[in-house]
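S.K.: Pulled from TrEMBL, these are the listed features:
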TRANSMEM  23-43  transmembrane segment
TRANSMEM  49-68  transmembrane segment
TRANSMEM  80-99  transmembrane segment
TRANSMEM  137-155  transmembrane segment
TRANSMEM  161-182  transmembrane segment
TRANSMEM  237-261  transmembrane segment
TRANSMEM  333-351  transmembrane segment
TRANSMEM  357-378  transmembrane segment
TRANSMEM  390-413  transmembrane segment
TRANSMEM  419-439  transmembrane segment
Amino acid sequence: MGELNGAEYIEVPSPRANNAKKVSLLPLIFLIFYEVSGGPFGVEDTVHAAGPLFALLGFLIFPLIWSVPEALITAEMGTMFPENGGYVVWVSSALGPYWGFQQGWMKWLSGVIDNALYPVMFLDYLKSAIPALGGGLPRILAVLALTLVLTYMNYRGLTIVGWVAVSLGILSILPFVVMGLISIPKLKPARWLVADVHSIDWNLYLNTLFWNLNYWDSISTLAGEVHNPKKTLPKALFYAVILVVLSYFFPLLIGTGAVPLDRDSWTDGYFSDIAKILGGVWLRCWVQGAAAVSNMGMFMAEMSSDSFQLLGMAERGMLPEFFAKRSRHGTPLIGILFSASGVILLSWLSFQEIVAAENFLYCFGMILEFIAFVWLRIKYPNATRPFKIPGGTIGAVLLCIPPAILIGVVLAFSSIKVMVVSLVAVAIGLVLQPCLKFIEKKRWLKFSISSDLPDITSHGPLLH
């Protein structure tokens, strides 16, 4: 995925509770897996939108255009700035604290919107077995109960979340291994080649691909909690890219090749119906259970990233000091509560609305990341980079061109409603940062920069 240069590595500690343990390689791989994927649950709409051939090609080509460049940039920048601010610190060091705050606002908001999706998907997979969860008061109570339980697990510590992610990841993948073995006699390769260019819903297709293959940079907000991030983070990203692509591609091969095509049926939760067709009720129940635990894993990983991002921003003086307070388990209590509140408020939205809104905000954040990545290469070519993508400045620019074009395409296909709501959210961030600076100046709330963190300004030692 790149090369490690010979420069001296500067370990940047983050203020931590004494009893908190750092995350090792295997849990980190599965945390990334759940930040990005969690398994094939949610990819069904690609077949519904474009048919089998384009769905399969999408999950082979899209990772090369988007996932690999984003993972490479995360590996370089995450090891250059191994602290919990993640991409907020990257943008701040390149473009200044104002744009760093905008990055943090858009990424946190898109993360919370993303997390609101997982209780919805959890219940969508269970409602065929428990019809009462399809709507009304039982569904509302189930969303609240699920959010509270998973929020508590985040409160108990990132190490616990990491190893729970490993267990849930194995449980999520196993039924598709079994389904693949059962489907072998029924596979018809001709079904994989079905395509109709004139009937493709490009908006749904691109948004579903984009949503299922982004958020590689989210793990950067946990870099301060990782054991030896210099080596661990790039390795974890490399293995996670392979795991994510395989977890999408092979279930799609099974589902589209072993069952006659009915594009209208390919919507959220259809893999459980395929499991019943291929193996019976027992396999459907297993897939439904896997979908449930997968959504639990994605929720916990996303909330960890969102809450530690707020902690990292507070350690850099961008948010009030109370956001940097840790619980006795070493977790950012206030950040967790803020993120959980956002999830509860947004969980009433539909699947497609959530995906489109978070993609729009995420695109803006990624544009700032690409600019910061290239600008730091130009302005500080000799800064310490424990992991460095080969190719120099020209290579850095070329790496960003395909995903930047893709961002333009995704934004162009956004609906007017999603565009308006997202731009309003962006405008709030543009005003919020000056308001917080005014509050700091008036000393209504306390802001402070952690003494444990390096100077990332242009005259600081880290960049020189």
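Glycine residues also receive a Cβ, built from the backbone N, Cα and C atoms like all the rest.
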S.K.: Between the transmembrane segment (137-155) and the transmembrane segment (357-378), are there three or more CB pairs that fall under 8 A, provided the residues in each pair are separated by 6 or more in sequence?
M.R.: no
S.K.: Would you mind listing the long-range same-chain contacts of the transmembrane segment (137-155), meaning Cβ under 8 Å and 6+ residues beyond its ends?
M.R.: 119-120, 122-123, 161, 164, 296, 299-300, 303-304, 307, 327, 329, 331, 333, 336-337, 340, 343-344, 347
S.K.: Does the transmembrane segment (49-68) reach the transmembrane segment (237-261), going by 3 or more CB pairs under 8 Å (6 or more apart in sequence)?
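M.R.: Per Cβ check, the transmembrane segment (49-68) touches the transmembrane segment (237-261).
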S.K.: Where among 80-99, 161-182, 237-261, 390-413 do we find the most Cβ pairs under 8 Å to the transmembrane segment (23-43)?
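M.R.: Of the candidates 80-99, 161-182, 237-261, 390-413, 161-182 scores highest.
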